[in-house]
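Below are the structure tokens for one structure; questions will follow.
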């Protein structure tokens, strides 16, 4: 073999193949240049937010309350209550009162937990809190009226609040979550443990999704999975509305999968449901790369999560999903960095203290726009912390 080391043939082959290899590298780099440039621009423009006093989300509160800077009158509030756009609450003398009716008691209980956490520092006020899935105040409605909702699009004036699901009343998924997903602080710990068991290098590189067909926007991913199962593993599960295989695109429903078991996969998909999806925040804590489909529906913390910085944005019709998956597979280090930034953001800025802090800041700012003194309504029940309810 010594002749090969100094052979003119070897030199000729090296000179012949080197330009070809360089060309392939250049071609590969240029193929993904649009995505790489987009990531670099997004990182250059990104300003990390402070962890102090949940100030990360102050801009959301300011924007949501802007329509009410002219003041909220007693007459306006009476109209909101009359129209039954949500559950009416009053705070007087650091006590919380509520009308008798609540459409979803566990959801109201989840909301009340956080208000009671900060009740001692809140001024008198009253508000209507919508615990339905859908926002109530479209922008074409004039004048804007104050209704609190957990999720909305840019077409609504609703005031976003941290959803009840951070404490209780989350979506029940039979049989794995029969009473809902449970407390966010405890679920965080489970997901972080699972992420540690499945570091990036051990994760399956097939894209993954399990969920019910709450929106047909999910259909293209399911169909892509059936066509190319090595690229995507996506199946529909049952929900309460399931009646036949028509509701799962002609195939039997898949078994539900615990969210902690999603951490085995590098690429996880988040879609809107009826409104914003409750799974979004959970997926990040797997340390996986989140593919977020569409950008219309928001919860209060969404605006600080930035595309290309914390997650991969996907067009609503999924027309670019195959190209995006090919990109992250070809640029594994880049994909891992985005996944790590997304995970760190949720770990650092969406702790339970941040939720409580947001509630306090939101209600304190909102109360400044009430142009009248609140009078407690007769017949309203005082809401007492659950730990005290065993006294009787």
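A Cβ is built for glycine as well, from the same backbone N, Cα and C atoms used for every other residue.
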Of the ranges 385-388, 389-392, which one does Swiss-Prot list as motif 'Prevents secretion from ER'?
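Matching range for motif 'Prevents secretion from ER': 389-392.
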So of 54, 102, 263, 275, 286, which of the recorded positions has the fewest other Cβ atoms within 10 Å around its own Cβ?
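Comparing Cβ neighbour counts within 10 Å for the recorded positions 54, 102, 263, 275, 286 gives 102.
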Among the recorded positions 40, 204, 277, point out the residue whose Cβ has the most other Cβ atoms within 10 Å, with all shown protein chains included in the count.
277
If you compare CA-to-CA distances from residue 357 (disulfide bond) to each of the recorded positions 53, 56, 218, which comes out shortest?
53
How many whole Å apart are the CA atoms of residue 54 (disulfide bond) and residue 279 (UDP-alpha-D-glucose binding site)?
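Taking the Cα atoms only, residue 54 (disulfide bond) lies 22 Å from residue 279 (UDP-alpha-D-glucose binding site).
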For the recorded positions listed here (53, 108, 133, 373), tell me which residue's CB has the most neighbouring CB atoms inside 10 Å.
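Selected residue: 108.
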